[in-house]
Amino acid sequence: MTEFPRSDKVEVKSRSCNDFWCVPIFLLVLAGMAGLTWWAATKEGAQIQRLIHPVDYAGRICGSSAGVEDKHYIYVCGNAHSGYEGKYPKKLDFQSKSCVEKCPLPGEDIACIGKPLVIPRARDCQNDGCIVNGVQVRKSVTWEVTQSTSYQKSYPTEPFRGIMCVPGWDAPDLRNQVIYGPEGPLSNTGEAFGSLETAWPVLLTVFCIATLLSIIFLLLMTCYAGPVLFLAIGLADILIFLLGIFFAIGVFFDPFNTAGWYQSWNPIDRTLYGEWARVLNLLVGLILLGVSVLMVHTLYHAAERIDEPIGIIHASMEFIFEPKHTSIPFLLLVPFGSSVVTIGFVGLAVYFFMLVLTAGPVESRGIEINGDHYPSLYKTVQKPWNGLGWDIAILLFIAGLIWIAELLIAVGQFVVSYCVCEWFFVPINVIEAPEAAKMKEQAHAASSEVKKTALDKVTVQGGPATGTHKEGWIEHDQETGQKKLVVYLRDKGPNDHAYKPSATESKPHSVSWICAGYTTAVTKCLGTLLYFCWPVFVTRPLRVVAELLKFLTTPPATKLERKQFDEEEQTKNIWSILSAAGSLFASFVSHEFGGYSKDAYVDIVLRNSSFWTATQDASEFICSAGGVVAFLHGMTRFYEIIATGFIVLTSTLLGFVVMENVPCFSDINSSWYIADTTSMSFVSLLISGIVAYSWMSLFNTTSDSLLYVFTWARQYASKDPNFPPITNAQAKAKGKTKVCPESLLDLVGGEAESDPMKGLKDSTKGRSQATRFQQVGKRFGGAAMATLGGPAAQTREERDPLLRKPKGSTRTTRP
């Protein structure tokens with residue numbers, strides 16, 4: 001029987017549709033995106049080739065349009081009216097661009113359009129007899145606008161990225177205008193989208209690498225969670241430090257030399273040109289070096305706290321990698337399937353977006369007189385709907401794209417929480433260790449000549465076998481009448497106790513959970529998940545920063561020292577102010593936006609909550625539970641961020657190395673040449689981020705969901721006799737098998753059957769987060785006043801009353 005959803009009462013309730021009003025709005029957005037794409041493709045002549053290939057003055061796509069199929073290069077003509085300076089024109093005319101078969105040598109004839117010329121023509125109406133509207137015109141002047149195509153002598157050029165003919169290095173300003181100028185023949189956006197045509201093998205490789213690293217990372221965490229997490233932080237710190245050094249030394253290299261080894265490796269130098277590249281290299285380098293210094297402190301801090309989340313991570317791994325391997329369908333359909341579907345839908349939406357960007361007729365409006373446009377030889381794509389309306393539609397399209405991506409991520413996390421809740425209530429099947437079974441067989445082996453008398457325990461004194469052993473027996477030899485004491489000596493375990501093989505708990509998965517989770521997410525809970533998307537998206541950067549600050553400013557449990565009246569202890573140093581300020585910011589973000597996260601999804605699963613109810617429950621329920629649950633909840637979020645960052649950095653860096661060093665992708669004459677490796681590196685980062693987050697969020701979502709469902713189930717286990725037992729004592733009393741994993745029970749200890757904060761909840765209901773925020777604010781104010789020498793900095797003798805002085809202390813009278 002399904003134990004959820006339940007309201008605050010004991011009875012199970014049917015799941016209802018909440019926040020349904022979001023669904024028609026989302027469907028309307030989808031219809032608008034589909035309609036906009038259809039309109040762009042069928043009514044406005046959208047062609048993606050316009051983005052990824054240059055266009056000449058007549059609006060023809062070089063290498064694609066009729067008449068220029070064999071002309072793949074674009075040549076920018078010189079401004080004929082500006083004159084020449086040596087072999088090069090003083091200015092370039094970016095409206096006059098011609099498709100050419102190959103980059104011309106100096107002195108070749110290139111067809112270019114000239115600037116429109118205005119020719120006045122006077123007319124003497126005294127002889128011609130001009131009459132306009134019955135009025136005799138004595139004299140008139142007619143202004144004639146003319147434009148023509150003429151041949152220019154070409155300047156020295158060389159091919160660039162297989163699509164452009166750019167001026168040589170002896171004309172750096174003109175070369176910079178063609179390659180990086182805002183009026184260049186190919187925009188940065190077009191070059192970035194164009195690189196997708198040839199970069200897809202590298203992007204697919206990045207996806208596979210990120211997936212493989214994620215699986216290996218999780219598998220290693222099943223046995224070596226602490227070392228793996230610590231090593232990930234250390235390697236991420238080393239990578240960030242090396243990247244900071246790499247970018248910082250960019251100030252010593254010539255930013256105008258794009259052929260150097262450093263410039264060819266540096267994505268900033270490949271994107272920018274000139275001194276701005278040098279400035280940005282230094283800025284990025286200093287930022288990364290600062291982050292690496294902060295990571296060193298994080299590494300030191302993690303060394304002291306790494307043991308705290310290990311227990312809950314181990315409990316989550318029992319769900320992720322079930323001993324009988326029944327979780328394989330879950331791993332294939334949820335984290336892997338979620339990443340594939342998310343990337344697939346986002347890629348399809350990006351393709352549609354490329355169509356929308358290129359929509360519009362090719363028209364000639366190059367001549368403007370009195371605010372009116374007239375045809376000319378220069379043709380370009382004109383935006384539909386007067387331009388402004390189309391720009392607004394593109395912004396709404398981008399908003400819809402974000403909404404779709406966030407919904408796909410939310411559905412994946414909801415299904416994880418749903419499966420965790422179902423798995424929690426599965427009765428435990430104990431699998432005996434093979435070694436224990438073998439020992440039992442040996443101890444009870446029957447013999448016709450030897451009779452065995454089992455002993456409850458045997459104490460051995462002296463020697464390496466000193467201690468109490470449970471496996472022992474006396475052998476009676478029936479032929480000789482001799483007796484022999486046999487003790488089974490095991491390897492020593494913790495605290496020098498005899499090693500005892502532990503049994504394995506198995507809670508098999510069911511594919512039906514996954515189907516039910518996805519069905520529930522896209523039907524009954526679709527409105528609530530859609531409602532969550534935008535708050536989660538907007539607050540995600542704040543919550544990530546808050547989690548990092550919370551981790552850095554919270555001392556480990558082993559370092560906590562409770563002193564008498566420690567709430568009045570003030571430390572006079574700048575670090576205490578920074579630490580308190582960081583805690584204040586983290587507590588503020590947690591207080592205001594803590595409910596806008598995946599923690600709310602498990603509340604939706606268990607209680608069928610609406611958006612506002614789930615956000616309030618997510619931020620208050622665990623905090624009000626107190627005890628070990630509140631201490632452990634959220635402890636794995638920092639490690640999720642670190643693990644995701646490590647996999648993203650590694651995958652993206654490997655992808656960038658492949659794009660820069662494999663000849664088929666780096667050779668400018670190759671058909672697989674990737675023109676914009678910087679943009680493709682960003683796409684690699686996005687893909688690896690989606691993959692890594694889909695996998696690494698597993699142990700964090702599972703850990704927090706286990707604690708949440710345990711706390712939720714604890715309050716029903718004692719009320720409802722039919723509710724599955726949580727502990728061994730409840731299982732014995734109800735005559736059923738307990739459902740809570742032993743690994744989780746070991747963590748919560750005596751809190752498994754009773755709420756440690758029950759006596760305080762009635763008076764503090766709804767105020768746990770606010771109280772915590774106020775307490776941190778008081779800490780920050782006290783630290784600041786102590787450093788500034790305010791009232792909080794007074795001596796202890798001046799502020800402590802006589803009756804509160806610590807035991808054994810003496811008070812001296814101040815003169």
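Glycine residues also receive a Cβ, built from the backbone N, Cα and C atoms like all the rest.
Where the annotation comes from TrEMBL, it is an automatic prediction and has not been curated.
Annotated in TrEMBL:
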| type | residues | note |
| --- | --- | --- |
| COMPBIAS | 755-765 | compositional bias 'Basic and acidic residues' |
| COMPBIAS | 804-815 | compositional bias 'Basic residues' |
| REGION | 752-771 | region 'Disordered' |
| REGION | 778-815 | region 'Disordered' |
| TRANSMEM | 20-41 | transmembrane segment |
| TRANSMEM | 199-221 | transmembrane segment |
| TRANSMEM | 228-253 | transmembrane segment |
| TRANSMEM | 279-300 | transmembrane segment |
| TRANSMEM | 330-354 | transmembrane segment |
| TRANSMEM | 392-416 | transmembrane segment |
| TRANSMEM | 638-659 | transmembrane segment |
| TRANSMEM | 679-699 | transmembrane segment |
Check for me, if you would, whether the transmembrane segment (330-354) reaches the transmembrane segment (228-253) - at least 3 Cβ pairs under 8 Å, residues 6 or more apart in sequence.
no
With pairs closer than 6 in sequence left out, are the transmembrane segment (392-416) and the transmembrane segment (20-41) joined by 3 or more CB pairs under 8 Å?
yes
Counting only residues 6 or more past its boundaries, what in the same chain has a CB within less than 8 Å of a CB in the transmembrane segment (392-416)?
26, 29-30, 32-33, 36, 334-335, 338, 341-342, 345-346, 349-350, 352-353, 356-357, 385, 514, 517-518, 520-522, 525, 529-530, 532-534, 536-537, 598, 601, 604-605, 690, 693-694, 697-698, 701-702, 705
Intrachain residues whose Cβ lies under 8 Å of the transmembrane segment (279-300), provided they are six or more past its termini:
230, 233-234, 236-237, 240-241, 243-251, 266, 268-269, 272, 548, 551-552
